[in-house]
Every structure is written in structure tokens, then in C-alpha cells.
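Q: As annotated in Swiss-Prot:
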BINDING   GLY197, PRO198, PRO199, GLY200, THR201, GLY202, LYS203, THR204  ATP binding site
Amino acid sequence: MLNTSTSGGSGVHVVLASSSSASVNGLKNYYIAKIQEKEIVLRDKIENLRRLQAQRNELNGRVRSLKEELQQLQEPGSHVGEVVKVMGKKKVLIKISQEGKYIVDIDKSIELKDLTPGVRVALRNDSYALHKILPNKIDPLVSLMKVEKVPDATYEMVGGLDEQIKEIKEVIELPIKHPELFESLGIAQPKGVIMYGPPGTGKTLLARAVAHHTDCTFIRVSGSELVQKYIGEGSKMVRELFVMAREHAPSIIFMDEIDSIGSTRTEGGKGGGDSEVQRTMLELLNQLDGFESTQNIKIIMATNRIDILDPALLRPGRIDRKIEFPNPNELARLDILKIHSRRMNLTRGINLRKIASMLGGASGAEIKATCTEAGMFALRERRVHVTQEDLEMAVAKVMKRGDESNMSFKKLFK
């Protein structure tokens, strides 16, 4: 009996020990889970705090900017003037429209080297002290005229105009790239050139090629864009056009269809519209006289009717060279054909010289249209190559002429 009771007591001790160790493990796991739960909550709180701090910083920045804007709005207005001449280290001559000219003080924050003639500035309302330099005021329509991307045209894309390329290089490209040559000779740089001739002879293409090779800011404007509805708007656009050209020098101003504003003036005018056009042309003449040839601003004009232009616009000193663009001769037509057909899939035995002889009196644009039409004839017959007959039919279609014995002409118009 004693032995039995003794063994039973040891069993009870074993059960109690195992149950106590299980409870300890359970408490340990419980607190580990609680700690992990609190760590997750803590991480969420930290992320939320960081997000709130970022929002606080953003709102503080907005408050500061609004305070600065409010302070600027509460400041008294300033007079707007234009720098005429720097009179010393602390004085400058300013022109204010409707009021006249004043010699004013310069604020300490203004650099004297930035005060060049023509710069717009702000003057304090009470003391007339110069305290801010303003950007030049340019019409958005004028800003759109500037070609940001350099044109991709090159001299190799211009065919049959070797003499014209040489002349425009001397007037436009050489002064921009090598002004020291003109200084060593003691002669003034040319200001501009006018290109005239029938439509489609390559005037615009050559102007784009010049801008490509000189790496200049290319500002293209049509003369009709300067004809505005209201009085003074056209003259204002001309002034701002030259202001933008000075800011982005070296620059080339290409004025196409100049005859729309540069026609010969008549006595007394024919009406309000003609008077406004004449005022625009007078402003153009004033701007051509107002800039020096050394300012790296060159003018290229183009027209189909040089006979109706005003002599004042064409005089030397404003336009220094007149370049004629006639319709190409047979050799030039052959060069243009080779340029436009170099990427075409032509069959063997194509006689381009014969096509050039058939295009008598055609312009460069008509020759290009001939190559395009020849390709269209090939597409119409579901071919991937252009034949001699396609080119001859294209000539007949573009030039609208042919004889009854020409089989390709009969095939086109049957």
C-alpha cells in the first residue's frame, strides 16, 4: 500500500510541473503577440506622423507664398519706364511714356551691367527709384513666329540654284560666322536680302537651308500676318518682332510675301485699310534703319512681285542684295529631278534627261509634284517600282500639256 501511494504522488508532481510549463509558454506567446501587435500600431502611427508632417510643410509653404503675394499686392504700384542711358554708377536716364525723361537712382539690388538701353524697368511710385528690371513685353502671336527647332533643309536639297546659294551665303551666312573678315576689310556687314521670282522656285526652301547651316534662331513671318484689323496693331507687331530678334540673336527674320505690306505707296491712300498697311511698312522701314548690321540680325524677304514693292524698301542699307530665282533651265531641272528621285524605287533604264526636257518652263515645285504623281501612278497599278511611262504620264498631268502622238498622254486622258 505504501509503495502504491508513493508512486501515485510522484505522478501528481509530474502533472503539476507540465501544466505550469505550459502556462508559462502560453503567457510568453500571448505577450509576444501583444508586442507584435503594438509594433504594427506604432509603425502605422509613425507613417501617419510623417504624412502629417509633409502636409504641414506643404501648407506652411503655401502660407508663405500667399503672404508674399499679399505683401506685393499691398505695395503701391510702380511706374514702368525704359532705360535710355546709364549716367554713372548710381544714376540712369529713364523714359516714361506720357511723362518724359528722368534721371533716377538705382537700387542696390540692381546690377549696373543689366541696365542696357531699351530695357523695361519698374520705378517706385514715391521716389522714382529704379528697383526692378522687367521682361520685355512681346505679343504672344509674335512669340509663335519663332521656330524653336532648326529647319532640317540643307543646301544639298536645293537643286539648280548654285549661284543663288553663293550669293545668299555671302550676305547672310558669312557675316554671322566670320564677322572679323568684314572688320579687317573696313566694310559694313550686309543687313538683308530679298529673293524674288515665280512661285515654286525654291525661295522658302533656301531660306530654311540658310537657317540650318548658320544655327540661328529662325523667325518666319508672312506679310499678311502683319496686316491687322485695328490701327497700330501691325506696327506694334513689327516692333515686337525685332525686339524678339535682338533677344535671341544671332537670328534670321524671314518675311515671306512681303508685297502684302511693302507695295508702293499712293498719294493720299485709298482708304483706312491701305493707310494702316502703309503705317506698318513705315514701321518696318524704321526698324530696318534702327539696328546695326553688327547685331547679328539678318533679314531675308521673299516675293513674287518685286515690281510693285516700294523703292524705299529696296534701297541699299536696308536690303543690300536682290537675288532673282528664275524657273530652272534643263540642266537645273535634271539636278532637281535627281534630288527628288534619289529615294524612289526606279526601274533600270529611266531616262531622267528626257523627263527634264519634257518639263520645259516648269518650276521646282512642279518637278517635285511630277515625282510624287509618278509614284501615285505606280501605286494605282499595285507596283512597288516607278517606270519611265509613269514619269511621262506624271509630266502630262502636272504640266497639262502633251501632243496626240504621245502614247502616255493618250493613256492618261483616254
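Cβ coordinates come from backbone N, Cα and C, glycine included.
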Q: Does anything in the same chain, at least 6 positions from PRO199 (ATP binding site), have a Cβ under 8 Å from its Cβ, and if so what?
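A: Expected: ASN304, SER363, ALA365.
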Q: Centre the Cβ atoms of GLY197, PRO198, PRO199, GLY200, THR201, GLY202, LYS203, THR204, go out 8 Å, and tell me which other residues of that chain have a Cβ in range of the ATP site.
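A: Same chain, not in GLY197, PRO198, PRO199, GLY200, THR201, GLY202, LYS203, THR204, Cβ within 8 Å: ALA302, ASN304, PHE325, SER363, GLY364, ALA365.
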Q: On a count of neighbouring CB atoms within 10 A, which of the binding-site residues GLY197, GLY202 is highest?
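A: That would be GLY202, with the highest Cβ count within 10 Å.
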Q: Look up GLY197 (ATP binding site) in the DSSP assignment and reduce it to helix, strand or coil.
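A: In three-state terms, GLY197 (ATP binding site) counts as coil.
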Q: Under 8 Å between C-beta atoms and at least six apart in sequence, can you list the same-chain neighbours of THR204 (ATP binding site), or say none if there are none?
A: PHE254, ASP256, ALA302
Q: Sequence gap of 6 or more, C-beta under 8 Å: which same-chain residues meet both conditions with respect to LYS203 (ATP binding site)?
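A: The answer is MET195, TYR196, GLY197, ASP256, ALA302, PHE325.
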Q: What are the non-local neighbours of GLY200 (ATP binding site), defined as same-chain residues 6+ apart in sequence with CB under 8 A from its CB?
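A: SER363, GLY364, ALA365, GLU366 - these are the non-local Cβ neighbours of GLY200 (ATP binding site), listed in sequence order.
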